[in-house]
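To start, the structure itself, in structure tokens.
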Amino acid sequence: MIDHDHLTDKDHDRIAEFINSKAGIQLPYHKRSLIEARLRRRQKVTQHQRLTDYINYALADESDESIFLIDALTTNKTHFFREEAHFDFLKAFFAKPINRPKACLNVWSAGCSSGEEPYTLAMVLSELKERNLIPDFQILATDISISVLAAARNAVYANERLDGIPEHYRKRYLLRCKNPDRHVFRIAPELRTKVKFDTFNLITGDFKDVPLQDIIFCRNVMIYFTAEQKNKIIASYYQRLSEKGMLFLGHSEGLTGKNDHFEQVVPTVYQRAKLCLK
């Protein structure tokens, strides 16, 4: 029988310290009810009587449960064509002959969640390819969460997620379920083959393992990180971008203050700068 003991201050601090060290995500006290609810699900799955017993189990050295703990406490809110101005920018940018790449365009969707962002990119870039504005593209989509990556690979979404997807993209790249009782759609195979999903931790991961990219999308991800963590990630993005490669951040983020790594193209879109060695 499961007790309904509440999350104590001590256990909250233990969880918060662990998640911050592993994922860089802050867990403030005002989100305690949300944290407790997500922990409670794992408590039931692992059949621990008390919440504190589950926490001890999850935080034990070499415990496989720590993976599921991180997964449970990762926020994954996203939708198709979120912050659409970024995709409009890509269309306008590659419409200019001077900006058209000569080789395959490599794009990284960092913190891709359940796949809406990389599949949106795939729709836009496929259209650009059909118009001969880019020769080809490949998308690397990464996240720390195992469960959302599984959902992203499956590429099946509820019809409610159609909002925001322009009609011509719906007709071209979405497959409706043959069973009318199932209100879902799936991303077309031609797009799914252009996206490679993989786990990557922006705090502890080795950025050298990531191939060189022409475009990096990291939107509404770093809002959970400290200033020091953000600066480290931005510097790592600089190292993984090709010459004149571009970085896209969320509309509420942006680079503040002096930054030697990037030059602003338009708000929240930055281009890799040439560093002057002193």
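Each Cβ is built from the backbone N, Cα and C atoms, and glycine gets one as well.
TrEMBL does not curate its annotations; it predicts them automatically.
Copied over from TrEMBL:
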- 1-275: domain 'CheR-type methyltransferase' (DOMAIN)
- Asn76, Thr78, Arg82, Glu117, Asp143, Asn201, Leu202, Arg219, Asn220: S-adenosyl-L-methionine binding site (BINDING)
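Sequence-distant contacts of Arg82 (S-adenosyl-L-methionine binding site), defined by Cβ-Cβ distance under 8 angstroms and a gap of at least six in the same chain, are Glu116, Glu117, Thr120, Gly164, Arg219, Asn220. In the three-state DSSP scheme, Arg82 (S-adenosyl-L-methionine binding site) falls into the coil class. Fewest Cβ neighbours within 10 Å among the binding-site residues Asp143, Leu202: that distinction goes to Leu202.
Other C-beta atoms found within 10 angstroms of the C-beta of Asn220 (S-adenosyl-L-methionine binding site) number 19, with every protein chain shown included.
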